[in-house]
Amino acid sequence: MQTLHVELGDRSYPIHIGADLLQNTKLLTAHIKSRQVCIVTNDTVAPLYLPAIQSALTEYDVSVVILPDGEAHKHWQTLNRIFDQLLADRHNRNTTLVALGGGVVGDMTGFAAASYQRSVNFIQIPTTLLSQVDSSVGGKTGINHPLGKNMIGAFHQPKAVLIDTLMLTSLPAREVSAGLAEVIKYGLLGDAEFLTWLTDHMDRLMALEHSDLAYAIARSCETKARIVAADEREGGMRALLNLGHTFGHAIETQMGYGTWLHGEAVGAGMAIAAELSQAMGWLSSRDVTQVRDILQRAALPVDAPDTMTVDQFIGHMQVDKKVLTGRMRFVLLRALGQAVITEDVPDAMLREVLANSIARGVAGRR
Ligand SMILES: NC(=O)c1ccc[n+]([C@@H]2O[C@H](COP(=O)([O-])OP(=O)(O)OC[C@H]3O[C@@H](n4cnc5c(N)ncnc54)[C@H](O)[C@@H]3O)[C@@H](O)[C@H]2O)c1
Ligand SMILES: O=C(O)C(=O)C[C@@H](O)[C@H](O)[C@H](O)COP(=O)(O)O
Ligand SMILES: [Zn+2]
């Protein structure tokens, strides 16, 4: 087992990473505050992993909330089911919520924990690659709105993140690819050496080679933990973690949540960001080819949906959370492994890059 830390003063927390980690029940119970626990999961993950978590908690009063699966359910009505259960079972301020699932369950459980009785503790047990490398760390929690992705939420850090890498053996291939998008993101945004490692090991990652996956998860979490510790509330450099997301969130919102997986939309978004970086004179065409190649080797889309228009993209991007003064802000690449934040993208250049991506476009997904 490997343990990393997110250093946030008295809100610091460990990220434990290992195979069959939850055999050691103390890793979980050490972070539970009172007898009250509420496990939040979904109807896909529950049959797979809920019994193991329940058997680690036989000494506790455990409520269980099983949510419907999918990004399309990451909204108020689903969130409210968690509050209904907490209140029905009389959970108090000392309760601990446990998020058992992917990023959708994690983001909603975290938001429920942030707001139930004005905030209670929660623990992340991420079960997808994407949630193990990204969403379980850093305390961004929330839900979608029909007009924008993750538009309602709160920053609320977990008490611990428990990453059991063996849980990934049951993950569908498409979800492995979606998780690899965020892994590739860390290489592109600030870790050129990791990008090279990923290029050399992509086939092994796609085949779920355990030691390679464990390495990629730990290295991703290290980068995320360092950035979150430096800028918890995204006043500055945390926005680098949004590489590919300005375009990706536009795709998710326009296409309907769950039609394109988050990681797929981010994959296409990073390819578009690379092309815009080339148009800015920062990347060479060889660099852009390298970005597209690694994404394609992870079986990710590298172009926008062919049904979207440039105006639809721009409409969604104008309400992106990074827009603070009316000007769109982009995370682009000065070089492979070096992301920057800029507002200085000429409108005509942006439109041309988007139009080219749409013209090469990817047909609808789900
Ligand atoms: N808070 C953050 O910092 C952050 C970061 C990245 C992404 N996100 C959010 O995370 C969400 C995407 O997360 P995701 O990719 O995990 O999607 P997800 O939570 O929808 O999970 C993907 C699918 O895998 C299933 N699943 C989960 N674990 C499984 C397992 N071990 N075996 C088999 N099936 C399993 C799920 O039921 C679901 O069908 C998006 O809503 C995105 O906005 C948040
Ligand atoms: O943790 C962050 O910061 C990120 O940006 C990580 C992203 O991968 C993630 O998708 C996040 O939810 C996007 O945040 P948002 O603020 O753009 O909704
Ligand atoms: Zn993301």
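Each residue, glycine too, has its Cβ placed from N, Cα and C.
Annotated features in TrEMBL:
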- 69-74, 103-107, 127-128, Lys140, Lys149: NAD(+) binding site (BINDING)
- Glu182, His245, His262: Zn(2+) binding site (BINDING)
- 65-177: domain '3-dehydroquinate synthase N-terminal' (DOMAIN)
- 179-323: domain '3-dehydroquinate synthase C-terminal' (DOMAIN)
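Structural mapping of features recorded in TrEMBL.
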residue: Asp69; record: NAD(+) binding site; DSSP class: coil
residue: Gly103; record: NAD(+) binding site; DSSP class: helix
residue: Thr128; record: NAD(+) binding site; DSSP class: coil
residue: Lys149; record: NAD(+) binding site; DSSP class: strand
residue: His245; record: Zn(2+) binding site; DSSP class: helix
residue: His262; record: Zn(2+) binding site; DSSP class: helix
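Gly103 (NAD(+) binding site) and His262 (Zn(2+) binding site) have their C-alpha atoms 10 Å apart, to the nearest angstrom. Note: the Zn(2+) site is recorded as Glu182, His245, His262; in the same chain, Leu130, Asp134, Ala181, Lys185, Gly244, Gly248, Gly263, Ala265, Val266, Gly269 also have Cβ atoms within 8 Å of that site's Cβ centroid. Neighbours of Gly103 (NAD(+) binding site), defined as other CB atoms within 10 A of its CB across all chains, total 26. By the criterion of other Cβ atoms within 10 Å of the residue's own Cβ, the least surrounded of the binding-site residues Asp69, Glu71, Asp107, Glu182 is Asp69.
Around the Cβ of Val105 (NAD(+) binding site), a 10 Å sphere holds 31 further Cβ atoms from the protein chains shown. The distance from the Cα of Thr128 (NAD(+) binding site) to the Cα of Glu182 (Zn(2+) binding site) comes to 12 Å. The distance from the Cα of Glu182 (Zn(2+) binding site) to the Cα of Asp107 (NAD(+) binding site) comes to 16 Å. Summed and averaged per residue, pLDDT over the domain '3-dehydroquinate synthase C-terminal' (179-323) gives 97.
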